[in-house]
Amino acid sequence: MPKLILASTSPWRRALLEKLQISFECAAPEVDETPRSDESPRQLVLRLAQEKAQSLASRYPDHLIIGSDQVCVLDGEITGKPLTEENARLQLRKASGNIVTFYTGLALFNSANGHLQTEVEPFDVHFRHLSEAEIDNYVRKEHPLHCAGSFKSEGFGITLFERLEGRDPNTLVGLPLIALCQMLRREGKNPLMG
């Protein structure tokens with residue numbers, strides 16, 4: 001049975017994969033994440049998830065390698081990590097009363113036989129109308145400077161939303177576990193069977 005590798009150094013993705021109670025290792029993929037000028041957000045996350053998984057194939061032959069990538073889209077534009085409090089406030093002002101869509105690309109690459117499975121999962125976050133005071137307090141309390149969209153849905157960010165729409169709530173955090181379980185089963189690695 002091939003061993004499992006998560007092509008990521010993200011603590012959030014690691015924590016999500018740990019929910020499946022299967023043994024895995026993490027490894028940093030080496031991929032240029034620069035978007036191409038002609039790529040849609042869906043195409044970008046699909047390409048990067050695939051490249052991340054395949055980039056580790058020579059280091060991990062005979063493994064199942066998981067690649068994942070996510071972008072946040074508001075008004076047709078990819079929204080990155082804010083990195084500063086002012087940028088976080090600006091992103092939240094733009095999101096207020098709007099829908100922010102997250103696209104998460106998922107790839108499972110079997111480095112033993114070259115079989116690749118991919119999927120893109122959308123997830124919509126409906127923001128309620130936020131006051132300036134609410135935005136300021138949220139940024140001060142949560143410090144979402146390294147989170148695309150300037151919020152942490154798994155934390156205090158839940159207070160910002162009217163509703164969430166998507167197939168799998170784990171997708172919003174960065175790893176669609178329902179889709180991943182389906183892919184793993186197709187490779188003969190059912191999480192429920194050890």
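Glycine too: its Cβ is placed from the backbone N, Cα and C atoms.
The site 'Important for substrate specificity' annotation in Swiss-Prot covers W12, Q70, E154 and rests on sequence analysis. The active site, proton acceptor annotation in Swiss-Prot covers D69 and is backed by sequence analysis.
Shown here: features listed in Swiss-Prot, placed on the structure.
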{"residue": "W12", "record": "site 'Important for substrate specificity'", "DSSP (3 states)": "helix"}
{"residue": "D69", "record": "active site, proton acceptor", "DSSP (3 states)": "strand"}
{"residue": "E154", "record": "site 'Important for substrate specificity'", "DSSP (3 states)": "coil"}
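The most crowded of the recorded positions listed here (D69, E154) is D69, judged by how many other CB atoms sit within 10 Å of its own CB. Shown are the recorded sites W12, Q70; the one with the most C-beta atoms within 10 angstroms of its own C-beta is Q70. Here the Cα atom of the residue listed as 'active site, proton acceptor' is found 12 Å from that of W12 (site 'Important for substrate specificity'). Distance from the CA of W12 (site 'Important for substrate specificity') to the CA of Q70 (site 'Important for substrate specificity') is 12 Å. Across the fold, the C-alpha of W12 (site 'Important for substrate specificity') and the C-alpha of E154 (site 'Important for substrate specificity') stand 10 Å from each other.
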